[in-house]
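Annotation comment: Swiss-Prot describes Cys30-Cys101, Cys42-Cys89, Cys90-Cys137, Cys90-Cys137, Cys103-Cys145 as disulfide bond. As annotated by Swiss-Prot, signal peptide applies to 1-22.
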Amino acid sequence: MAKLTILIALVAALVLVVHTSAFRSSEQSCKRQLQQVNLRHCENHIDQRIQQQQEEEEDRARKLRGIKHVILRHKSSQESEESEELDQCCEQLNELNSQRCQCRALQQIYESQSEQCEGRQQEQQLEGELEKLPRICGFGPLRRCNINPDEE
């Protein structure tokens, strides 16, 4: 009976070591992938989306105040540029081979972009846009991914 207990303990320890080793290997692989992938297109897309939201809010505020101020925007070229940034962003995120690594990429974008936010509202817009990206890119919501690592 003692031999069986020792054998079970050894097998459990071996499983733990293998699992830990695989996790470390996965983390190292993700770090390498994040160093190789260029997330600039994702950052640009997010910047454009937040700017667009702010412009829409300003337009609504003007309308509520009764100011008839027409803003001429070059929608077609702007939308085309946004679409191109989004397509390239999705390609970059799809290059990452796991949801955990994709989550790390979104967290990395949040960390770099949140420094430029002016207030909590912009941070929330940033979080919201980053949370939408996986669905927009077609690989669904990321499970257990907290975009803002400070809130963990």
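The backbone N, Cα and C atoms fix where each Cβ goes, glycine too.
Every protein chain considered, the tally of other Cβ atoms within 10 Å of the Cβ of Cys137 (disulfide bond) stands at 18.
Its Cβ placed at the centre, Cys90 (disulfide bond) has 19 other Cβ atoms within 10 Å.
The two recorded residues, Cys30 (disulfide bond) and Cys42 (disulfide bond), show a Cα separation of 18 Å. Summary for the disulfide-bonded residues Cys42, Cys101: the Cβ-based neighbour count within 10 Å is maximal at Cys42. Nearest Cα neighbour of Cys137 (disulfide bond) among the listed disulfide-bonded residues (Cys42, Cys89, Cys101, Cys145): Cys89. Cβ-based crowding with a 10 Å cutoff singles out Cys89 as the top-ranked of the disulfide-bonded residues Cys30, Cys89, Cys103, Cys145. Restricting the disulfide-bonded residues Cys90, Cys101, Cys103, Cys145 to those with a CA within 10 Å of the CA of Cys42 (disulfide bond) leaves Cys90, listed by sequence position.
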